[in-house]
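Below you'll find the structure, written out as structure tokens, and then a few comments.
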Amino acid sequence: MTSFFIAWLSNFKLLLLAFDKGSLSDPTLSPPQFLAIGCFPIRKTEPKNLRQESKRGYKQVWNYALKGLLLAAFVQIYHFSEHIHPKVILVIYSFHLYILLELMLAAVAALVRATLGLQLEPQFNEPYLSTSLQDFWGNRWNMMVSCALRLTVYDPTLSAWTRIVGRESASLPAVLATFMVSAVMHELMFYYLGRKRHNWEITWFSILHGVCLVVEIATRRR
């Protein structure tokens, strides 16, 4: 998990800090708060946004308890995987990954909130309720990463392409660039986790979603 916390998000946060942007540029942060936000996948929310963030992503204890039980059930199901269709196992893997990430990130955020008294933005917002790819990637899935990519990749690319093709069309190459950078960081992160040679599946997955999202945005505009 250090490869996710440090190699990706912390570097991106420090990059933003160099341009006086992002959550680390807040001059009111104490040294412990600065270190916590820099090292962990968390982001401080402004008091004016607290009610909106609460509605968007904070959950009741029973929600996490239910997901914890589901995670335990998935682990038991794997013992019988030879009797289950492989496609069903892949679906279970998808939910397993989501629940594991949410519980892990929520635990880190809860620890920081309890020890440092920070109000933090939620990391997930029930991604299985998404109504589109744009809704999934922009508003519901791993919002800490979405925010980091938006500030470090999407916004600068949008600004650069706006001078060339105009504001409306500039968002399309900005989306593709964002997914390409996300692909590279995922490949790096998975290399750190497993020390295996890349098969580039994650890159092609990101390119596929980036292209589909561009088509979705263009179709919606027309």
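Just so it is clear, glycine is given a Cβ too, placed from its N, Cα and C backbone atoms.
Taken from TrEMBL, the feature domain 'Wax synthase' applies to 121-205. The signal peptide annotation in TrEMBL covers 1-25. TrEMBL lists 61-78, 90-112, 172-194, 200-219 with the feature transmembrane segment.
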Q: Please give the sequence-distant neighbours of the transmembrane segment (172-194): residues at least 6 beyond its ends with Cβ less than 8 Å from one of its Cβ atoms.
A: 2-4, 7-8, 145, 149-150, 152-155, 157-158, 161, 165, 200, 202-203, 205-207, 209-211, 213-214, 217-218
Q: Please work out the mean pLDDT for the residues of the domain 'Wax synthase' (121-205).
A: 89
Q: Go through the chain and flag residues at least 6 beyond the ends of the signal peptide (1-25) whose CB is under 8 A from any CB in it; none is fine as an answer.
A: 34, 37-41, 43-44, 104, 144-145, 148-149, 151-152, 185, 188-189, 192-193
Q.
Can you tell me which parts of the same chain pack against the transmembrane segment (61-78), counting only residues 6+ beyond its ends and a CB-CB cutoff under 8 A?
A. 84, 89, 92, 95-96, 99-100, 102-103, 106
Q: Report the DSSP secondary-structure composition of the domain 'Wax synthase' (121-205) as helix, strand and coil residue counts.
A: 67 helix, 0 strand, 18 coil
